[in-house]
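*Asks:* Before I ask anything, here is the structure I am working with.
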Amino acid sequence: MSFPGSWIPRRLLRVLASGTTDGSFLQIVRANYRDKAASQSLTCYLRTPFATQFLRERSWVSFRTPESDSLLYQFPKYVSTEVEQNSEARDQHPMKAAKVVFVLGGPGSGKGTQCALIVEHFGFTHLSAGDLLRAEIKSGSQNGAMIQSMIKEGKIVPSEVTVKLLQKAMLSSDNDKFLIDGFPRNEENRSAFELITGIRPEFILFFECSEKEMEKRVLGRNEGRIDDNIETIKKRFKVFIDSGLPVLKHYDSLGKLRKINGDRMKEEVFESVRPLFTAFAKKD
């Protein structure tokens, strides 16, 4: 994709803004385009007073880089793109010291149960993306109705909404070790989390569990959740397979994926989980 208009000099970088966190800074992400005249790219965090203007108008901001003259960037409203995190930007981010383990698996795979055991034995703080979203629904906030509708349909809530809730919870905690349960659910989630928080996970804990066993567990837990019915469960299974596998493949390619057989009793499962966190504690 390229931006319209011939006024942009050939040498200027064309970049995408994927949004802001709390209005204190504007995030600019790496983007490469089919337009050969705009093949260069830029990755940085831009702390700027223009962030408020960007939120209101979403039209343009100006920014001077060390390598160039003052540039004018024109942005679309919102375009999702692959984020390549700049290591220098990460080092400057206020959340850089946090240690995160993503906990993934289909609905009913035992993520929450194992997270409780990890918290008890290794002192992590457990953050459930699903619980945070359900709490947002109950709060009556502006996003609540939208979140409720998407959860009922088994769809994935927009990344920016979920990441902001996770970030808020992390910043309000005194701990620096977090288990993030049920997230990221797709590649966009993953990219948005790394961009907004500046954090890359230590490793990913993935509970493999048969669909039959997961369905039995979800229907048997009787927690009164809006998404615990057979129709929504089947939609969630499909979404997990379609959207979640690319995330697992990405982290597997980085050597960060840890697979656990979740079809067993919780005590047996934890005996497979324990060595991973014992090793992490020694390294930490």
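If you go along the chain as it appears here, the first residue is 1 and each next one adds 1.
Just so you know, glycine gets a Cβ as well, placed from its N, Cα and C.
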*Asks:* From Arg264, Arg274, grab the residue that TrEMBL records in the same ATP site as Gly108, Ser109, Gly110, Lys111, Gly112, Thr113, Arg221.
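*Replies:* Checking Arg264, Arg274 against TrEMBL: the ATP site match is Arg264.
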*Asks:* Tell me the Cα distance separating Arg134 (ribonucleoside 5'-phosphate binding site) from Arg221 (ATP binding site), rounded to the nearest angstrom.
*Replies:* 17
*Asks:* Could you give the Cα-Cα distance between Pro184 (ribonucleoside 5'-phosphate binding site) and Ser109 (ATP binding site), in whole Å?
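*Replies:* Here the two Cα atoms are 16 Å apart.
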*Asks:* In angstrom units, rounded to an integer, how far apart are the Cα atoms of Thr113 (ATP binding site) and Asn189 (CMP binding site)?
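*Replies:* One finds 23 Å between the Cα atoms of these residues.
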*Asks:* Out of the binding-site residues Arg134, Ile156, Gly182, Asn189, give me the one sitting nearest to Lys111 (ATP binding site) by CA distance.
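*Replies:* So, spelling it out, the nearest of the binding-site residues is Gly182.
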*Asks:* Please report how many Å separate the Cα atom of Arg264 (ATP binding site) from that of Ile156 (ribonucleoside 5'-phosphate binding site), as a whole number.
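*Replies:* That comes out at 28 Å between the alpha carbons.
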